[in-house]
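These notes are about the structure you will find just below.
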Amino acid sequence: TPQEVEAKKEIIFTYDVEYQESDVKWASRWDAYLLMNDDQIHWFSIVNSLMIVLFLSGMVAMIMLRTLYRDISRYNELETQEEAQEETGWKLVHGDVFRPPSNSDLLCVYVGTGVQFLGMVLVTMIFAVFGFLSPSNRGGLMTAMLLLWVFMGIFAGYASARLYKMFKGAEWKKLAFRTACMFPGIVFAIFFVLNAIIWGQKSSGAVPFGTMFALVLMWFGISVPLVFVGGYVGFKKPAIEDPVRTNKIPRQIPEQAWYMNPTFSILIGGILPFGAVFIELFFILTSIWLNQFYYIFGFLFLVFIILLITCAEITIVLCYFQLCSEDYLWWWRSYLTSGSSALYLFLYATFYFFTKLEITKLVSGLLYFGYMLIASYAFFVLTGTIGFYACFWFTRLIYSSVKID
C-alpha cells in the first residue's frame with residue numbers, strides 16, 4: 001500500500017534490478033557514447049584543407065616546373081661576362097644565400113626541438129589511429145606523449161648538432177644542453193606557475209608534488225642524456241656541404257616592396273596552415289574544455305598530414321619570391337613564416353574563450369590562457385620546423401642546379 005508522507009517520519013524506498021546479458025562485446029562498450037552522429041563537418045574540414053593544399057601545390061608546381069626550369073636554363077646558357085652581369089633574380093644572391101644567420105645557435109635549438117616534437121606527435125597519432133590509445137583514458141594519451149617526448153630527445157640532439165656543424169659551430173655540448181632545456185624549461189615554468197595557482201585554491205585538480213618530481217626526473221634523467229647522445233652522433237658526422245661558395249663580404253639587400261616586408265610576409269604565411277586545421281581545432285578545444293570525447297583520430301591524422309604539406313608549400317612559395325627580390329636572409333624567415341600560424345591559433349583560442357566558454361573566475365581564465373599559450377608555443381615550434389626544412393631542401397635543390405663560376 002502507498003506510504004503516507006508525514007513530517008519527521010521515515011520513508012522507505014525500494015527498487016528491483018534485473019540483469020540481462022548483452023550482445024555487445026566488452027571492447028565495443030564505449031560505442032554508444034562515441035558514436036559519431038554527424039561526420040559531415042569533418043569531411044567539410046578535410047575538403048576545405050585539401051582545396052588549400054591543391055591551390056598551394058599548383059603554385060609550387062608552377063614555380064618548380066615552369067619558372068625555375070626556365071630560370072635554370074637561362075642561367076646555364078649565359079656565356080659572356082657581360083650577359084652574366086645582367087643577371088637578375090635568385091641567382092644573384094648565390095654567394096650569400098648559405099651565409100649563417102644571426103643567432104644561428106638559437107635557430108639550431110628550435111629546429112632540434114621541432115624535430116623532437118614532430119616525432120612525438122607523429123608516433124602518438126599513429127598509435128591513436130590504430131586504437132592503442134583509447135579516448136576514454138585521457139591520462140594514457142598524456143602519459144604516452146610525455147614518454148615519447150622524452151625518448152625523441154635523441155633526434156632533437158642529432159638534428160640541432162648537424163645544423164650547428166654546418167654553421168661552423170664548435171661548442172656542441174653547450175648547444176645540446178640548450179636544446180634539452182630551453183623548450184621544456186619554458187613550458188615547465190608556465191605549468192609550475194599555473195599549478196601553484198591551483199594549489200593556492202586548494203583544488204584537487206592540482207598536480208601532486210610527487211608527480212612534478214617524477215617529471216623533472218624524467219627530463220634530466222632520460223631526456224637530457226639522450227639529447228647529448230644525439231648531439232654527439234650528429235656532430236661527429238661530416239658537415240653538410242653547401243652547393244655554392246659563400247662570399248666573404250655580404251651583399252647589400254636592395255630596398256624591398258611593401259608586400260615583401262618581413263613582418264607582412266611572415267604574418268601572411270601563417271594564415272593558410274591555420275586555415276587548414278581550424279575546423280578540427282574547434283573539436284579539440286571542445287574536447288579539452290567542455291568535457292567531450294575526441295576520438296576521430298583518423299580525421300585528425302589526415303588533417304595533420306595536410307598541415308605538414310601546407311606549411312612546407314607556403315614557405316617554399318614565399319621563400320622563392322624573397323630570393324627573387326634579392327633578399328637572402330631566408331633562414332629565420334622560413335621558420336617564422338609557417339610558425340606564425342601559432343599566433344592565429346592563440347587568437348582563435350581567445351575568440352573561443354569569449355564565445356563558447358562561460359568562465360567568470362580569474363583563476364579559471366588564467367588556467368585557460370596559460371595552457372593555450374603552451375599549446376600555441378608547441379604549435380609554433382612544430383610548424384616552424386616543417387617550414388624551415390622545406391626551405392632548406394628547396395634552396396639546396398635550386399642552387400645545386402645552376403652552373404656558377
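Note that Cβ sites are derived from N, Cα and C of the backbone, with glycine treated the same way.
Those TrEMBL annotations? Automatic predictions, nothing curated.
The transmembrane segment feature in TrEMBL is assigned to 41-65, 107-133, 139-159, 180-200, 212-235, 266-290, 296-323, 335-354, 366-394.
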So, do the transmembrane segment (107-133) and the transmembrane segment (139-159) meet, by the test of 3 or more Cβ pairs under 8 Å (sequence gap 6 or more)? yes
Where else in the chain does the transmembrane segment (180-200) make close Cβ contacts, counting only residues six or more beyond its ends and a cut-off under 8 Å? 109, 113, 117, 153, 156-157, 206-207, 212, 215-216, 219, 223-224, 227-228, 363, 366-367, 370-371, 373-374, 377-378, 381
Maximum Cβ pairs under 8 Å to the transmembrane segment (41-65) among 139-159, 296-323, 335-354, 366-394 is reached by 296-323
Candidates 139-159, 335-354, 366-394; stretch with most C-beta pairs under 8 Å toward the transmembrane segment (212-235): 139-159
Are there residues at least 6 beyond the ends of the transmembrane segment (139-159) whose Cβ is under 8 Å from a Cβ of it, and what are they? 111-113, 115-117, 119-120, 123-124, 127-128, 133, 176, 179-180, 215, 218-219, 222-224, 226-234
